[in-house]
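To start, the structure under review is shown below, and the notes come after it.
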Amino acid sequence: MGQLSFQASNALIYLTYGAFLVIGTGVAWTLRKQGKGSFLSGNRTQTALPLALNFIASALGSGILFSYPQLATLAGVQGVMVYALSSALPLLVFSSLGPVIRRKCPEGFVLTEWTRQRYGTIAALYLSFMTLVTLFLYMVAELSAIGQVAGLLTGMDGLPVLIVECIVTTIYTSLGGFKISFFTDNIQGAMVIGLIIIATIAIGVETKIDTSLIESSGLTKPTLLGWQLLYILPVAILTNDFFLSSFWLRTFASKTDKDLLIGVSIAVVVILIIAVLVGCTGLIAAWAGIWPGDPDNPVDGSVAFFALLEQLPTWVVGVVLVMSVTLSTAAFDSLQSAMVSSASNDIFRNRLNVWWIRGGVVLIMIPVVVIAIRAPSILQIFLISDLVSAAVIPVLVIGLSDACYWWRGFEVVVGGLGGILTVFIFGTIYYGNALEGAQLILLEQGLYGEGWGAFGAFVAAPVGGLLWGFGALALRLTVQFLVSKKTGRRFDALDRPVQLSGEQGGSGVGNDNLVDEVDDGSDAPGLAKGSGKFF
């Protein structure tokens, strides 16, 4: 029970990939004559239900089969609920801020385009670097996860699975761009929902719970870790979602603000349910006596889900295997498409032929695969990105408020970098040496270790970022005041910008002609005079 044959495993994995390849390339062929704008984005083209399926497919990945059950074995019911809510609810930020940013930057399709208009080129490139690194880390984590899933479920070497997934998704996303990623995510999102229902019913029917273990496990009681995560996870996931241009592409693709709200709301509910169901497999494994198992050879919490599957019929393992491949493919093609769109818009301002961008993404797949094979921890990969976003995003979003017209790109860059430095300073003080302070930036001790190190890091990053940001503001205003005094010019750094008439400027991706416009938002029609400045 619980072990597929080598032949059956190969058939399920590669037939699933083959189906996505055929569907993806077939649809991509029908889009072969689309312009560059349509290849990179799909602004105002999608209704609520496709948006919901896309957010579901993009938000999940095969890594959830490790992280959610593991947290359940460490923080119990409290951990499951905190993680599930923290994963689902932050998506609502796209339905609330998406319309605001779209009004300010109607021709954009990623957050960096608004950043360029609001804060200038330097801040936009800074955010673009953070975004592209985040997408890279997420691709590494996703490949690492599916490789481990294939190994645990089938005993196969995970490397061929990684390579095939890269080849399949690269082929159809290179041919069809964002639209093909959106189309396949519709299918994959629907498949995931159906497969989750089947797997849930099977686990519920086949697993025998020892009720005497429920109380003794302690998993129904709150823990210190659970209370810490009540702060850490919402901050980490909410801020990191801002870095994922795959979400912003789908936000701008909504036909109306109402479609966006309905689509995101449906996705939040479905993701919440899926996260709770997957997380509960860790609890079930504990209450069925499967985890921690033999005291001399205990089962690690990160593989509690797979230990549970070993007790179930083989067909259930087959369903989970197909579901894992679907989850991974959906997440991975979204990340690839987002990287192409972000690189083209942010770095090359859509002037470079898209085929060169595609080629660059293909080359990036090589280090992604190499690092994924060697990645020590999927969770640590996510945590590094989460900590950086916790430092960068709070100082960035201040500019969304018209009342904060005096906030510039200088404050955003200094604040973000200062937030990361503050984590180092906190770690050095907390642990008593600089080496461990530096290691805290990489969260080498993980999120679930004893003590307050991780908690302190996620407090230091946003708070430190804001303090450094306002310090940079004071420094800038002081310098500008002294310069104005010396030169005899009027000090106008705090003057409210004057809104000009006309439509908002942008990168020109709203049409297939892609008329290139100025990079400096201060000269774009419709932007407030003085906006788009770095200093």
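Cβ atoms are placed via backbone N, Cα and C, with glycine included.
Heads up, TrEMBL stuff is auto-annotated, nobody curated it.
Features reported for this protein in TrEMBL:
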TRANSMEM  12-31  transmembrane segment
TRANSMEM  51-68  transmembrane segment
TRANSMEM  80-101  transmembrane segment
TRANSMEM  122-141  transmembrane segment
TRANSMEM  161-178  transmembrane segment
TRANSMEM  190-209  transmembrane segment
TRANSMEM  229-249  transmembrane segment
TRANSMEM  312-332  transmembrane segment
TRANSMEM  353-373  transmembrane segment
TRANSMEM  379-400  transmembrane segment
TRANSMEM  412-432  transmembrane segment
TRANSMEM  452-475  transmembrane segment
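Contact counts against the transmembrane segment (190-209), taken as Cβ pairs under 8 Å, peak for 51-68 among the stretches 12-31, 51-68, 229-249, 452-475. Panel annotation: around the transmembrane segment (80-101), residues 55, 59, 67-68, 71-72, 108, 111, 114, 226, 229-230, 233-234, 236-238, 241-242, 247-248, 250-252, 254, 257, 260-261, 263-265, 267-269, 271-272, 275-276, 279-280, 282-283, 397, 400 of the same chain, lying at least six beyond its termini, place a Cβ under 8 Å from a Cβ of the stretch. Counting Cβ pairs closer than 8 Å to the transmembrane segment (122-141), the top stretch among 51-68, 161-178, 229-249, 379-400 is 379-400. The transmembrane segment (312-332) is not in contact with the transmembrane segment (412-432), judged by fewer than 3 CB-CB distances under 8 Å for residue pairs 6 or more apart in sequence. Taking every listed stretch (12-31, 353-373, 379-400) in turn, the largest tally of C-beta pairs under 8 A with the transmembrane segment (229-249) is reached by 379-400. Nonlocal intrachain contacts for the transmembrane segment (51-68), taken as residues 6+ away from its ends with a CB within less than 8 angstroms of a stretch CB, comprise 80, 83-84, 87, 91, 94, 141-142, 144-146, 148-149, 182, 185-186, 188-190, 192-193, 244, 246-247, 250, 253-254, 259-260, 262-264, 266-267, 270-271, 274-275, 278-279, 281-282, 302-303, 305-306, 320, 324-325, 327-328, 330-332, 334, 378-379, 382. With a cut-off of 8 Å between Cβ atoms, the residues of this chain six or more beyond the transmembrane segment (379-400) that come close are 63, 66-67, 70, 97, 100-101, 115, 118-119, 127, 130, 133-134, 137-138, 140-141, 144, 235-237, 239-240, 242-243, 407, 411-412, 415-420, 422-423, 441-444, 446-447, 457-458, 461-462, 464-466, 468-469. Under 8 Å from some Cβ of the transmembrane segment (12-31) lie the Cβ atoms of residues 4, 38, 150, 154, 156, 161, 164-165, 168-169, 171-173, 175-177, 179-180, 183-184, 187-188, 318, 321-322, 325-326, 329, 333, all in the same chain and six or more residues away from its ends.
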